[in-house]
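The block underneath contains the structure these notes are about, expressed in structure tokens.
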Protein chains: 6
Amino acid sequence: MFYHDKELQYKVRVTKPNPVFARMLQQAIGGIEGEIRVCLQYMFQAWGQRGPVKYRDMLLETGTEEMAHIEMLATAVALNLEGAPMSLKEEMSKDKMIGAVMGGMDPRHVLSSGLAAMAVDANGVPFNGSWVVGSGNIAADMYANVMAESTGRVLATRLWEATDDPGMKDMLAFLIARDTMHQNQWLAVLEELGGLDCHPIPNSFPQSQEVKDFNYAFVTTNIRGDGTPLGRWTEGPSMDGKGEFHIRRAEPLGGEPKLAAPDPRGHAQTEQMTSGGLVAKAKHKLGLG
Amino acid sequence: MFYHDKELQYKVRVTKPNPVFARMLQQAIGGIEGEIRVCLQYMFQAWGQRGPVKYRDMLLETGTEEMAHIEMLATAVALNLEGAPMSLKEEMSKDKMIGAVMGGMDPRHVLSSGLAAMAVDANGVPFNGSWVVGSGNIAADMYANVMAESTGRVLATRLWEATDDPGMKDMLAFLIARDTMHQNQWLAVLEELGGLDCHPIPNSFPQSQEVKDFNYAFVTTNIRGDGTPLGRWTEGPSMDGKGEFHIRRAEPLGGEPKLAAPDPRGHAQTEQMTSGGLVAKAKHKLGLG
Amino acid sequence: MFYHDKELQYKVRVTKPNPVFARMLQQAIGGIEGEIRVCLQYMFQAWGQRGPVKYRDMLLETGTEEMAHIEMLATAVALNLEGAPMSLKEEMSKDKMIGAVMGGMDPRHVLSSGLAAMAVDANGVPFNGSWVVGSGNIAADMYANVMAESTGRVLATRLWEATDDPGMKDMLAFLIARDTMHQNQWLAVLEELGGLDCHPIPNSFPQSQEVKDFNYAFVTTNIRGDGTPLGRWTEGPSMDGKGEFHIRRAEPLGGEPKLAAPDPRGHAQTEQMTSGGLVAKAKHKLGLG
Amino acid sequence: MFYHDKELQYKVRVTKPNPVFARMLQQAIGGIEGEIRVCLQYMFQAWGQRGPVKYRDMLLETGTEEMAHIEMLATAVALNLEGAPMSLKEEMSKDKMIGAVMGGMDPRHVLSSGLAAMAVDANGVPFNGSWVVGSGNIAADMYANVMAESTGRVLATRLWEATDDPGMKDMLAFLIARDTMHQNQWLAVLEELGGLDCHPIPNSFPQSQEVKDFNYAFVTTNIRGDGTPLGRWTEGPSMDGKGEFHIRRAEPLGGEPKLAAPDPRGHAQTEQMTSGGLVAKAKHKLGLG
Amino acid sequence: MFYHDKELQYKVRVTKPNPVFARMLQQAIGGIEGEIRVCLQYMFQAWGQRGPVKYRDMLLETGTEEMAHIEMLATAVALNLEGAPMSLKEEMSKDKMIGAVMGGMDPRHVLSSGLAAMAVDANGVPFNGSWVVGSGNIAADMYANVMAESTGRVLATRLWEATDDPGMKDMLAFLIARDTMHQNQWLAVLEELGGLDCHPIPNSFPQSQEVKDFNYAFVTTNIRGDGTPLGRWTEGPSMDGKGEFHIRRAEPLGGEPKLAAPDPRGHAQTEQMTSGGLVAKAKHKLGLG
Amino acid sequence: MFYHDKELQYKVRVTKPNPVFARMLQQAIGGIEGEIRVCLQYMFQAWGQRGPVKYRDMLLETGTEEMAHIEMLATAVALNLEGAPMSLKEEMSKDKMIGAVMGGMDPRHVLSSGLAAMAVDANGVPFNGSWVVGSGNIAADMYANVMAESTGRVLATRLWEATDDPGMKDMLAFLIARDTMHQNQWLAVLEELGGLDCHPIPNSFPQSQEVKDFNYAFVTTNIRGDGTPLGRWTEGPSMDGKGEFHIRRAEPLGGEPKLAAPDPRGHAQTEQMTSGGLVAKAKHKLGLG
């Protein structure tokens with residue numbers, strides 16, 4: 001269960017409110033790279049964790065921290081919206097530079113939330129629960145987490161570049177630091193789990209059951225024979241140490257698929273069921289005759 | 001640009017059609033772990049690739065292969081739907097075991113697609129373009145890809161367990177093998193990019209700008225002093241080699257946030273704007289007086 | 001900011017795991033009546049609260065409690081999935097009553113989460129951030145909260161009826177009790193804000209600006225003259241004490257709308273731009289001539 | 001069933017078309033606070049109404065009226081789009097104030113609808129059927145309706161503030177008046193249903209089944225002992241007259257949850273199934289050794 | 001504006017309620033082929049109609065009728081849910097045939113709506129406003145309408161096959177008849193607009209601006225030279241009478257795309273910006289060395 | 001299965017990058033009228049095709065071509081984003097015309113993708129798999145395809161109008177040409193299937209089962225007797241040649257629906273179950289007494 005403190009984890013100051021930056025910050029709240037996603041992702045992984053209890057415990061810790069990050073960002077959005085233009089008339093009467101502000105804002109910051117954050121991304125697209133990944137396989141989940149913290153840190157550095165408000169830069173510098181830690185944290189779990197020996201994930205499936213010619217082959221679909229891009233993935237031992245990389249040209253091994261005729265109760269067109277009749281058809285044409 | 005062959009990449013046979021398994025296969029087509037996602041993800045990463053061209057080339061190769069996997073799975077769905085019950089009456093008149101079939105099917109396989117695959121997951125939730133991750137940072141993208149192939153392979157092994165149809169098991173054994181390769185392939189790119197030196201991603205942001213006390217600290221939010229879960233992530237050098245892990249208790253450094261009063265044109269309640277008047281209020285109550 | 005305790009707020013026991021009930025419980029997690037919604041709704045209302053600070057403080061309290069409810073329900077889902085069937089073969093070989101189980105389960109509980117809860121509703125539809133209402137008007141928000149706790153309590157009582165597992169009934173009896181409190185809590189704020197005097201919400205908009213003949217009129221659209229349903233809403237003083245209810249027949253006061261011709265650059269059909277030519281047209285018909 | 005009149009319920013005039021305002025108006029059409037939502041919500045509540053028939057009848061009346069409001073707003077959008085810029089070139093050649101217009105418009109008003117309204121909100125996010133609440137419990141539904149009309153009226157007053165076009169202000173003044181009535185109308189039903197005696201909703205669930213210590217307790221999760229916000233909700237009789245408010249500190253009564261080991265067929269990592277082996281593992285590390 | 005009659009357009013009787021059929025009927029309410037879509041589609045097309053007013057008038061007529069169809073189907077759902085099982089316990093105690101019912105129902109019909117229809121499809125996926133097509137080009141819109149009525153009629157005939165309840169068959173026979181009319185109705189408009197001369201839609205774009213070698217060429221992407229499927233589309237005059245069909249092999253005319261290096265402020269990996277350094281890299285590997 | 005060529009199908013050049021146009025182009029990638037939709041639509045129709053194999057073959061051809069169009073457009077987006085502003089500071093310091101750019105861009109082009117295309121529409125709303133129509137009835141599907149290519153071509157001509165970049169105009173002129181062909185192609189299939197004889201779709205349902213008085217009747221819901229819009233659809237032979245158009249006034253034939261009382265376990269309000277008691281109720285009012 002959970003407790004709260006009315007104070008923030010780190011300071012959130014805005015020197016010069018900017019409603020366009022408020023919109024951008026929404027990406028870090030309700031976007032796929034955002035904090036609602038990681039908060040719920042770590043929580044759901046914790047609540048469904050089967051296996052060593054220490055991972056459940058650790059996921060709860062960091063999931064709880066992420067809730068504080070949503071709070072910081074939501075506060076930053078509200079502060080950036082202080083004094084935002086609320087009418088088009090007002091907008092037009094200001095100087096022309098400001099004239100672009102309402103165009104760049106999220107209009108729902110005026111219309112729907114009354115100058116506060118919402119559970120949406122920078123385009124107003126609502127947070128979506130499908131982004132919360134918890135697979136029941138801890139190695140897969142750790143990669144999901146490294147990925148979330150990597151795209152999240154990329155986002156935070158771009159927000160840092162987009163503003164020159166010192167308070168906002170400071171807050172983002174804190175969040176960027178936390179993303180650094182969290183990338184390392186999930187990588188540390190992966191090391192505990194065996195590092196590259198984790199692979200292929202899941203490692204509990206017997207590789208003897210795989211179709212062998214294909215599990216370490218780089219399949220090239222390039223129609224020109226000489227275009228295959230070479231790299232670490234085309235020769236040498238595989239990263240998981242369990243095979244040898246090689247190249248294989250794409251080729252069809254499966255033949256043409258053949259489906260049965262339509263079930264009459266599915267009401268395809270009659271012509272789909274009696275295809276022989278198709279040629280003679282066409283007496284009542286679409287209009288060319 | 002792209003070309004096709006009418007034949008499949010690998011054989012798709014169904015001995016005993018099972019419409020409930022058809023529904024399960026939809027997860028591998030239109031689900032977040034599915035093939036439409038990886039196909040479009042690798043394609044969009046290729047099309048937006050800035051930097052070494054060989055990565056663009058390689059992403060195109062594998063994105064193109066994934067399209068063939070959607071095709072295989074869509075064919076498998078159609079074959080599993082051959083002879084599926086199309087009326088509740090029919091359903092009821094069969095033996096009781098079969099009686100459960102229509103309950104376990106996706107009803108839209110009967111109603112919407114006429115016994116064919118759709119661009120949806122196992123619950124009929126449509127594929128969502130937000131799942132297609134291409135961040136412009138190749139290391140972040142490679143983690144997104146390892147994650148996609150890891151959750152994808154977990155899914156494929158679960159589908160393999162769920163069926164005893166030999167044709168389906170064989171097709172899945174092929175797809176599982178491809179996921180093995182693709183996990184290795186993206187890890188190989190990460191090695192080329194410096195392995196753990198990639199971190200913190202993005203590595204082009206100067207770490208000197210981070211709030212330093214926090215970038216290698218495991219923050220514990222556990223309300224009991226003795227509950228911090230210890231592990232690789234709480235001491236020793238960080239995974240990226242750029243810091244030292246340590247533990248830090250969560251504490252509020254940001255103070256209480258203070259927002260300005262509401263803008264009158266946002267039409268908050270009057271009481272929000274004149275909070276002093278709140279105590280004397282309540283003359284026309286909700287009903288208890 | 002936030003802290004956690006590894007223990008649950010209230011006990012969660014499952015005597016006889018039932019994966020169909022696990023699916024039903026998802027509605028209380030990721031559904032529109034569920035706990036993720038109220039958790040985020042109270043949080044976002046707190047973070048954007050402008051006006052008396054005590055409301056911000058109170059919203060934080062209850063938002064934090066709701067996170068513990070998500071945790072309880074997620075745990076309940078995982079416990080109800082213990083031992084769930086993971087293959088269709090297995091399903092078929094059990095007795096016929098059990099034969100219906102996999103049909104009634106969420107297949108993604110097997111395929112995607114590995115027998116754990118997800119951020120989705122009882123049909124696997126993902127949680128959607130658009131449900132998180134925070135309008136900046138505290139009275140409107142309190143109604144949103146009463147409504148959330150009312151539909152939430154209705155849901156919880158239905159789940160209580162749907163199961164006879166004593167542990168589940170006990171957990172639901174706890175959640176039902178909390179919904180009772182929370183309904184009362186938001187109503188208490190409404191009383192503090194003036195009870196029915198809150199209305200019309202927002203009360204900061206001058207009613208003198210309304211089109212007066214319509215603000216207390218029940219407009220009847222019933223095509224038959226004698227069918228208007230009478231009730232408290234058709235006569236007597238209005239609930240807000242600021243008008244008198246009366247009935248008014250629906251009638252068109254606005255005339256027929258007239259839009260300009262299409263802008264040529266919008267590429268309507270030529271016939272839309274030169275409507276006179278339409279009659280003579282039709283020389284190359286769709287096929288009837 | 002339904003009939004129509006080609007004329008509008010109230011006049012819709014636009015003196016100076018403004019495509020940025022057209023975008024804002026979309027929130028009142030396809031947004032969560034908008035008219036499609038209330039139209040369908042009242043209709044679905046009517047169509048599913050079980051119990052006194054007069055409520056069904058009344059819901060049909062107002063649902064039908066709301067369709068006319070969608071029509072008015074859709075007309076207003078089209079009129080505000082007359083003469084809107086359709087090319088970036090044109091945009092650039094006008095004076096700089098106008099230069100911001102296309103940035104503030106919904107580009108789909110040009111690209112997708114040809115200068116007409118769409119079933120989306122102010123950010124182009126499509127209307128979502130999940131917003132249509134009909135619970136089968138009439139008191140819960142009435143709160144859903146009061147809430148919809150409250151957030152709807154807040155939205156309408158903000159749109160009224162955002163424009164100085166007299167025709168638009170007049171149309172909005174009409175819609176604001178209707179929202180006043182509809183708030184009162186749903187409150188009138190609540191009074192008929194017993195006013196605060198409705199609570200806790202549903203009132204048909206025996207409160208004797210609730211976990212009693214918690215149904216009138218304000219649970220405080222504040223980690224500091226002295227921070228609980230006091231108010232009408234912390235002491236005195238509860239709003240429903242069925243209990244006494246009191247404060248209770250959050251505390252864990254549920255112990256730590258324990259889940260079973262993963263089912264092998266769910267293909268967790270091997271390490272999750274044999275957790276003893278984890279310490280000795282890590283021979284093939286992620287790279288730091 | 002709109003009016004209503006409390007009676008239904010056509011009779012809706014259910015002899016033997018079937019909650020599984022109730023779920024199926026939801027596809028015709030809130031699915032992409034369903035009645036909410038056509039209702040709103042015709043309405044929005046009417047409200048945005050620019051050009052001959054008779055098309056606006058006609059669209060309003062049929063949009064209004066469709067609202068009555070939603071009503072009929074919503075009533076049919078409620079009637080099919082009368083007496084539906086509301087607990088798993090009850091479900092289990094009935095005979096085994098009935099045992100499958102709750103698995104095949106939409107659980108939200110019990111949990112969320114209290115045995116009534118919702119604005120969702122047969123899988124509980126909410127209605128989505130993006131399906132409402134109104135392009136501003138009347139010919140394109142008429143095809144959208146023919147398509148909606150075609151997939152809608154296919155759906156209705158499948159529902160007709162799925163049930164043997166005489167009341168339901170009768171109601172569906174009415175809806176199927178209306179779909180017949182509406183297909184013809186939209187085709188009639190197309191004939192008025194010039195039949196095949198409408199094409200290419202939009203006909204107001206000067207075809208002289210098209211890249212000419214490609215506007216009547218069937219491009220074959222088949223990698224085998226002899227596999228092009230022949231038909232009406234590979235030779236002879238084009239359907240619009242403005243060109244001659246011919247076959248053209250797919251070939252790349254566009255060269256390889258070249259993107260600039262990443263903008264440093266976008267924080268790609270350093271290696272993407274200095275690609276020469278990549279070979280020497282890899283000193284701190286992912287683990288294989 | 002599929003192959004690729006690293007070169008593009010047609011040349012994509014951008015003389016003067018414009019990030020606002022980049023956003024507009026997204027509609028043609030991830031919008032409902034866009035290329036992801038047609039690509040997947042033709043593919044899924046092919047993979048589920050039952051009946052004459054030549055249609056399966058042809059759909060594969062064109063589906064494969066559409067993938068190349070996504071590629072072209074994604075490249076165009078990336079090229080239009082070269083040099084786009086990445087900070088608000090920079091934006092402000094440029095001249096005022098440029099000042100509007102960031103307002104009109106998709107901020108996620110900076111924040112999420114690093115100046116590359118995404119699988120979203122012009123408002124950042126993600127591509128949605130529900131748009132992929134494949135009904136199992138080939139005539140319905142061909143109309144879905146004509147409609148997709150018609151709205152797609154309308155979109156492309158509007159994009160052509162919106163830009164004066166010669167490279168972009170040339171690329172769009174190519175895509176417009178392809179849409180011309182594809183409209184013709186699907187119409188050609190319809191002619192092969194019998195032209196207007198296809199109707200009513202599905203033509204395999206016996207029309208003798210329809211409710212006859214309604215299958216060729218234009219139902220007028222206009223409340224005024226003299227307002228029915230006349231046209232090809234109100235008299236003369238029907239377009240399918242199987243009936244005669246006529247007009248019929250809307251009238252209720254179905255009576256008032258009557259639902260049973262609520263099931264007690266669904267926890268409606270008590271008053272819904274004992275409606276007689278409603279009048280005497282109201283002792284504990286909402287506040288007016």
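The count begins at 1 with the first shown residue.
Here the Cβ of each residue, glycine as well, is placed from N, Cα and C on the backbone.
Those TrEMBL annotations? Automatic predictions, nothing curated.
The candidate list B:His4, B:His69, B:His199 contains one residue that TrEMBL assigns to the Mn(2+) 1 site with B:Glu35, B:Glu149, B:His182, namely B:His69. Ranges compared are B:226-251, B:252-277, and TrEMBL records region 'Disordered' for B:252-277. Of all the binding-site residues listed here (B:Asp57, B:Glu149), it is B:Asp57 whose C-beta has the fewest other C-beta atoms within 10 angstroms. For the recorded site, B:Gly225 (Ca(2+) binding site), the DSSP three-state label reads coil.
Excluding B:Glu35, B:His69, B:Glu149, B:His182 themselves, the residues of that chain whose CB lies within 8 A of the CB mean position for the Mn(2+) 1 site are, in sequence, B:Val38, B:Cys39, B:Thr62, B:Glu65, B:Glu66, B:Ala148, B:Gly152, B:Leu175, B:Arg178, B:Asp179. When the C-alpha distances from B:His182 (Mn(2+) 1 binding site) to the binding-site residues B:Asp57, B:Glu66, B:Gly225 are tabulated, the minimum falls on B:Glu66.
Proximity to B:Glu66 (Mn(2+) 2 binding site), judged by a C-alpha distance within 10 Å, picks out B:Glu35 from the binding-site residues B:Glu35, B:Asp57, B:Glu149, B:Gly225.
Residue counts for the region 'Disordered' (B:252-277) under DSSP, split into helix (H, G, I), strand (E, B) and coil, are 10 helix, 0 strand, 16 coil. For B:Glu149 (Mn(2+) 1 binding site) paired with B:Gly225 (Ca(2+) binding site), the C-alpha to C-alpha distance reads 39 Å. The Cβ of B:Gly225 (Ca(2+) binding site) has 8 other Cβ atoms within 10 Å, all protein chains considered. Contacting chain A by the Cβ rule (under 8 Å between Cβ atoms), the binding-site residues B:Glu35, B:Glu66, B:His69, B:His182 reduce to an empty set. Taking the C-alpha positions, the distance from B:Gly225 (Ca(2+) binding site) to B:Glu35 (Mn(2+) 1 binding site) comes to 46 Å. Distance from the CA of B:Asp57 (Ca(2+) binding site) to the CA of B:Glu35 (Mn(2+) 1 binding site) is 19 Å. When the alpha carbons of B:Asp57 (Ca(2+) binding site) and B:His69 (Mn(2+) 1 binding site) are compared, the span between them is 19 angstrom. B:Glu35 (Mn(2+) 1 binding site) falls within a helical segment according to DSSP.
With a threshold of 8 Å between Cβ atoms, the binding-site residues B:Asp57, B:Glu66, B:His69, B:His182, B:Gly225 that neighbour chain F are B:Asp57.
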